[in-house]
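A.B. asks: The annotation region 'Disordered' is assigned in TrEMBL to 1-25. Sequence annotations record features per position, and here TrEMBL assigns transmembrane segment to 79-100, 121-142, 197-217, 244-265, 277-294, 314-331.
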Amino acid sequence: MPPLDATPVEHPIETPVETVDPLPAPVTALRRAGDADPDRTSAPRGPAWLRAVRPRQWPKNALVLAAPLAGGRVLDPEVLVGALVAFAVFCVAASGCYLLNDALDAPQDRLHPTKRRRPVAAGEIGVRAAVAVGTVLMLAAVVAATLWALPLGLTVLAYVAVQAAYLGGVKDEPALDLAVVSSGFLLRAIAGGTASGLALSPWFLLVATFGALFVVSGKRYSEMVRMGADAGTRPSLRKYSASYLRFVWTMAAGVTVTVYLLWALNGPGSAAGGTPWAAISVAPFVLCLMRYAAVVDRGHAERPEEIVLGDRHLQVIAVVWVALVAVGAVLG
């Protein structure tokens, strides 16, 4: 009888392969797009102080042109200069607020996947230095605005006060956080009128208010989609649900369109015999909101200014809308 083979026979063991669900499409797209975002790259770009004041956020201050445009006086030299002054002081005031925000949020930002690269969180700028410079910038903006026109100074002061409340804890409260951030956009739009003594109609204020809420709630929704389980780094996000934020930005969009339509039907050219330029402008206005809403729905609207500056189709539609409003205001 042949000897038994003492060598054990190895049988391959089939280990179950764990299936990993793919990331949701919006999150995957955002991660792919992250390489184009300076805040998400591994190597900071530019001087620390320049990055800390966030010049990439300054384009949103162009909202100061909304009131002169709606009033048909955007080409009036005196009005245009006033709007440019408002733009400048809001850039300074907002930069000061960003510095204070980064100083107060440095501990939390260090735990965030992208905010940890901000100059204060990364240790490139000291917390005390950020607080000091931020305070000086905000005070300088209020003084400069007041020297130009008292109403503008009061508008900037209101902006600074609201931002101080935001930094003081309001940003951690759901709903209030949306209202405060939206008010920043609204005050920019108001500043364009107060800087030049233009009267602001109730229609204008309502469209600006709910349009701002539409943008801000879409921003929060996108943050929640991208961060997922890490949304806890922003306390207010823990208290939101995706369905609630979708409700808010859907409601805000509906109110914005309704108010704009009511203004347009009673706007320039609405009288018999006139060309209803304002009414015609409803189509591109609604199309702009629809285009932006598509971005929000995919969870890509964290940075509204980058959407406006990067979406060529949205820019073309916006130019058509602005042209119609301007023509209606001038000829109406």
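Each position is counted from 1, following the chain as shown.
Each Cβ is built from the backbone N, Cα and C atoms, and glycine gets one as well.
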A.B. asks: Mind checking which residues reach the transmembrane segment (314-331)? Cβ under 8 Å, same chain, six or more beyond either end.
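C.D. replies: Same-chain contacts beyond the ends: 69-74, 267-269, 275-278, 280-281, 284-285, 287-288, 291-292, 307-308.
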A.B. asks: Sequence-remote contacts (6 or more beyond its ends) of the transmembrane segment (79-100), Cβ cut-off under 8 Å?
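C.D. replies: Sequence-remote neighbours of the transmembrane segment (79-100) are 52-54, 57-58, 61-62, 64-65, 67-68, 71, 73, 120, 130-131, 133-138, 140-142, 144-145, 148-149, 152, 156, 159-160, 163, 167, 184, 188, 191-192, 194-198.
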A.B. asks: Against which stretches of its own chain does the transmembrane segment (121-142) lie, if we need a Cβ under 8 Å and a gap of at least six residues from its ends?
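C.D. replies: For the transmembrane segment (121-142), the list is 44, 48-49, 52-53, 89-90, 92-93, 95-100, 102-103, 105-106, 109-110, 112, 115, 153, 156-157, 160, 163.
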